[in-house]
Amino acid sequence: SDVLSATGFLKSCVMTSNWEGNECIKAIAKSCGECIQVGAKCGWCMDPGFLKQGEATSTRCDELESLRKRGCSSTKVENPQGSQWILKNKAVTNRIKGAENLRAEDITQIQPQKLTLSLRLGEPQSFNLKFKRAEDYPIDLYYLMDLSYSMKDDLENVKNLGTQLMLEMSKITSDFRIGFGSFVEKKLLNPCTGDQNCTSPFSYKNLLTLTSNGQEFNTLVGQQQIDGNLDSPEGGFDAIMQVAVCGEHIGWRNVTRLLVFSTDAGFHFAGDGKLGGIVLPNDGKCHLENNMYTMSHYYDHPSIAHLVQKLSDNNIQTIFAVTEEFQPVYMELKNLIPKSAVGILSANSSNVINLIIDAYNSLSSEVILENSKLPEGVTIMYQSRCKNGVTGEGEMGRKCSDISIGDDVSFTIRITAKQCPKMGKPETIKIKPLGFNEEVEITLNFICECDCHKDGIENSDICHNGNGTYECGACRCNEGRIGRQCECSTNEVTIEDLDKSCRKDRGTDICSNNGDCVCGTCECKKRENPEERYSGMFCECDNFNCDRSNNKLCGGHGHCECRWCICDANWTGSACDCSLDTTTCLASNKQICNGRGTCECGTCKCTNPKFQGPSCEICPTCPGVCTEHKECVQCRAFGTGEKKDTCERDCSYFNLIKVKDRDKLPQPGQAFPLMHCKERDANDCWFYYTYAVNKKSEKEVHVSALRALTSSPLWAGVVAGIVLIVLALLLIWKLLMIIHDRREFAKFEKEKMNAKWDTVREWR
């Protein structure tokens, strides 16, 4: 067992360094079920003969393309796919106001309503959800009013609210109901002072169950009196909680539910009850007796989070009608409560109807999707396609705004599972638009096992006398057994077994240092690249250390087996880089290399050094080459000659390189033959160039930019005449100089004699 532990430790170290990148191999899956849970890219080969010598059972788990390349038929690959079934898909209702009456439960605003998803881990399943805001949809509105003393003048204006609101709401829906409730604070003693006419406070009263009789609302509100309270914050959260959870008492239907919360003060929340000695947290349950909240002295105020949950669970949209002084406070509260709105209430609540209508229009023009709690390891993403082509993703993908009655919007919902549930049972989640009673119910089934698992044979003889279950082409060993066929017990392996069975000979490493000895058999290491493998009884072979050509293993024309290239048909060489196909050497006359060479590795080797080209068809030094290319060189280099008008079309078959003068032209003795050419151009000047075919079989022309005059008779006569004239002029100039010099000398002699006579006369 110590040896096994050491071996396992060594294996884990090796895996960490070599297996990063391919998650399928990195998982070391021992069964098909473990394999498909790794990720959607992983498949399991069920072919019993798939594994080669030295490959562990876990190598059956690999990426699909890698399994195919390794020779596993697609019919033998277990690769279950996710799927979906829509179980209820009632179309959204196209209803117009004034049409036949429909029950609320017969109106559909969201589609589909129920579906089942089968999730393969890592593979998302997507479906589309459609929402359409129905026209003339029923509305229930509950008016919850603060009846503390400061709301005395507001109460007077609310007394006629019922009939007026019924009239206004009839413009929106033909099915409207209204209810009324009031709140002050948890019960205290002697809240009123002086001669104020008020009753002792109460936490919440349900005064009128939802009704379509607006006059009844007016009558009942007219009977109410204000109550007293000692501090400014009110106990409205207690009242909101009871309105939300006491559906039967309030009379809520499965329609649009609006709660109007009217106050001119702040609010108490969880923890404030301790000031009155109340320490038990609010339980979120209904405690109405005779329409009165009876547990206000027993339970603390609810927290904001608790209210958000209950309002959402019961599809209630809240409108906070508050005075301007407290608008900032309730705006912050609105940000915490989805599908809520805040309106500024005038000092005496005279604008309450307009406030309610505006808030309703604002709330109903926006749809926000929310989902129930997701199972562990499940994620959900939303993408919205809203009005006027507006799209959103992430959190913005949950909502659409500016929706009018009759508008269609849609959402793409993508659900992905990252792990299988612990109990292995299906899970159910729900998605619904906030403030609406309709929802989509989604059952999630998790694909955590392969289909072939059902056909497994327990205690199979294939697994060494029944020491494992034979399933999906491999043995799943019973506890305490190891080996490909479960042939060994974890208590029977010794160091001697490892040394004896896992060395090729005494002088070599265990498993050639490319694997681990498990149960006397080499299990070769995995590599980061799934296409690279060690193999062999002693892991002495691999398929990635063969010769390469053009940086490709075996030239891309073969495969590597035990460090030797096995070439494909018509290829040979140590790197499979030599083609045996001679079609590339055929010339236009159907001869191989024009009969002037041999075809080696698909390329002509010319036997006569004068010839070049892919088919030995080019002779750069043969007679006639200069004349053949003269016109094209002239037109491209100097823009003259017979082909100057068709130069681009006829003369683009060679590369032209200009040099300064004749001395700069390439000289004989370079790697490939070249021809020196001297031709006369259209201006009767000599131009010089070389013609050659380089190693890439490209034609090259180097041309001197400096041209020379030719030696024609006409030019010779002209030159001779010029020379004679110059010589004659030189002779005349020489003669004139001689005459001039003699005259000057004679003049000098004469003056010299005159000077001599003058001296003699003076002496005498």
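Quick reminder: no glycine exception, Cβ is built from N, Cα and C everywhere.
Per TrEMBL, the features are as follows:
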DISULFID  Cys192-Cys198  disulfide bond
DISULFID  Cys246-Cys286  disulfide bond
DISULFID  Cys420-Cys677  disulfide bond
DISULFID  Cys448-Cys452  disulfide bond
DISULFID  Cys463-Cys475  disulfide bond
DISULFID  Cys477-Cys486  disulfide bond
DISULFID  Cys517-Cys522  disulfide bond
DISULFID  Cys560-Cys565  disulfide bond
DISULFID  Cys562-Cys593  disulfide bond
DISULFID  Cys578-Cys585  disulfide bond
DISULFID  Cys619-Cys622  disulfide bond
DISULFID  Cys626-Cys635  disulfide bond
DOMAIN    31-450  domain 'Integrin beta subunit VWA'
DOMAIN    626-714  domain 'Integrin beta subunit tail'
DOMAIN    734-764  domain 'Integrin beta subunit cytoplasmic'
TRANSMEM  714-733  transmembrane segment
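Shown here: features listed in TrEMBL, placed on the structure.
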{"residue": "Cys246", "record": "disulfide bond", "CB count, 10 Å": "21"}
{"residue": "Cys420", "record": "disulfide bond", "CB count, 10 Å": "18"}
{"residue": "Cys452", "record": "disulfide bond", "CB count, 10 Å": "17"}
{"residue": "Cys477", "record": "disulfide bond", "CB count, 10 Å": "23"}
{"residue": "Cys486", "record": "disulfide bond", "CB count, 10 Å": "24"}
{"residue": "Cys585", "record": "disulfide bond", "CB count, 10 Å": "23"}
{"residue": "Cys593", "record": "disulfide bond", "CB count, 10 Å": "24"}
{"residue": "Cys619", "record": "disulfide bond", "CB count, 10 Å": "19"}
{"residue": "Cys622", "record": "disulfide bond", "CB count, 10 Å": "12"}
{"residue": "Cys626", "record": "disulfide bond", "CB count, 10 Å": "16"}
Rank the disulfide-bonded residues Cys560, Cys578 by the number of other Cβ atoms within 10 Å of each Cβ and report the first-ranked residue. Cys560
Give me the Cα-Cα distance between Cys286 (disulfide bond) and Cys477 (disulfide bond), rounded to a whole Å. 57
So how many of the residues in the domain 'Integrin beta subunit tail' (626-714) end up helix, strand or coil by DSSP? 22 helix, 29 strand, 38 coil
Provide, as an integer number of angstrom, the distance between the C-alpha atoms of Cys522 (disulfide bond) and Cys420 (disulfide bond). 33
Alpha-carbon spacing, Cys560 (disulfide bond) to Cys626 (disulfide bond), which is rounded to whole Å: 51
Nearest by CA distance to Cys420 (disulfide bond): which of the disulfide-bonded residues is it, out of Cys246, Cys475, Cys565, Cys585, Cys619? Cys475
Between Cys448 (disulfide bond) and Cys622 (disulfide bond), what is the CA-CA distance rounded to a whole number of Å? 78
Let me spell it out: for each of the disulfide-bonded residues (Cys522, Cys635, Cys677), count the other Cβ atoms within 10 Å of that residue's Cβ, using every protein chain shown. Which one has the most? Cys522
Among the disulfide-bonded residues Cys562, Cys565, the one whose Cβ has the most other Cβ atoms within 10 Å is Cys565
Return the member of Cys477, Cys585, Cys619 nearest to Cys562 (disulfide bond) in space, with distance defined Cα to Cα and candidates limited to these disulfide-bonded residues. Cys477
Within 10 Å of Cys475 (disulfide bond) (Cα-Cα), which of the disulfide-bonded residues Cys452, Cys486, Cys517, Cys565, Cys622, Cys626? Cys486
